[in-house]
């Protein structure tokens with residue numbers, strides 16, 4: 001099934017604004033998941049002046065068959081100037097909300113937790129009004145590394161579930177479904193004031209019942225925010241799309257998620273984990289939490 005339906009077509013962006021964002025990113029030698037992972041919303045987000053920064057290099061120590069980020073068994077050493085450069089980009093782009101994510105760095109003892117902390121600190125120093133969302137890997141179950149990140153007090157902790165348990169071995173062979181749930185649960189226990197978030201992609205052969213079960217599992221660990229989007233095959237080398245889920249089904253999942261008690265459900269064919277992430281500021285105003 002290779003022909004994309006009409007609902008997956010994206011509008012052409014205003015390239016002047018996109019060019020301005022790209023110029024800042026190139027000038028500061030920064031990576032974004034928008035570019036590295038070939039996100040279909042790159043034009044819309046860059047046009048709005050937002051980006052999801054990808055730290056710790058453009059290469060990942062895992063080779064998940066759905067992901068378009070490059071694989072390297074031994075990536076380069078961390079760049080000590082990266083946190084400062086990232087913070088400068090936040091300042092130049094005047095971001096109200098920033099998403100900081102990373103490749104998996106299983107080669108590092110703390111999985112890169114210390115680099116997340118440094119990035120958070122630098123952003124706080126130059127743009128204290130900016131809310132910060134970190135989209136983190138599973139840290140190989142290193143819960144002390146998780147605690148280190150949370151002690152830096154990001155407003156949102158995002159860790160993606162990606163798919164249903166039955167498909168984990170094929171889609172996310174180095175991941176673990178139970179570990180993902182435990183990470184989210186521990187995050188809530190360590191930092192009760194935190195907003196937790198997770199996302200799944202569909203179109204890989206899952207059933208409606210299986211998606212609903214994942215949603216129930218996420219609510220059972222008190223996950224606040226859920227994103228659901230259509231998987232799109234980045235290249236012929238990657239996993240094939242099994243089916244294109246209709247907008248009506250995405251809408252039904254949104255309704256179900258709200259019934260389960262998620263504070264926010266973003267569910268549509270083009271939804272990605274950081275899509276419209278800045279809307280969390282309104283959510284924080286509606287559901288305030290004290291540290």
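Cβ coordinates come from backbone N, Cα and C, glycine included.
Quantities reported herein were computed from a predicted structural model and do not represent experimental measurements.
Quick look at what Swiss-Prot lists:
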{"type": "BINDING", "residues": "34, 39, 45, 274", "note": "[4Fe-4S] cluster 1 binding site"}
{"type": "DOMAIN", "residues": "46-263", "note": "domain 'Radical SAM core'"}
{"type": "BINDING", "residues": "60, 64, 67", "note": "[4Fe-4S] cluster 2 binding site"}
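The structure, with features from Swiss-Prot marked on it.
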residue	record	DSSP (3 states)
60	[4Fe-4S] cluster 2 binding site	strand
67	[4Fe-4S] cluster 2 binding site	coil
274	[4Fe-4S] cluster 1 binding site	coil
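Between the listed binding-site residues, namely 64, 67, the fewest other CB atoms within 10 angstroms of a CB are found at 64. There are 28 other Cβ atoms within 10 Å of the Cβ belonging to residue 274 ([4Fe-4S] cluster 1 binding site). The two recorded residues, residue 64 ([4Fe-4S] cluster 2 binding site) and residue 274 ([4Fe-4S] cluster 1 binding site), have Cα atoms 19 Å apart.
On the 0 to 100 pLDDT scale, the model's mean across the domain 'Radical SAM core' (46-263) is 94. Taking the centre of the Cβ atoms of 60, 64, 67 as the [4Fe-4S] cluster 2 site, the nearby residues of that chain (Cβ within 8 Å, site residues left out) are 62, 63, 66, 68, 69, 71, 103, 104.
A simple way to gauge crowding: the CB of residue 60 ([4Fe-4S] cluster 2 binding site) has 22 other CB atoms within 10 angstroms, across all the protein chains here.
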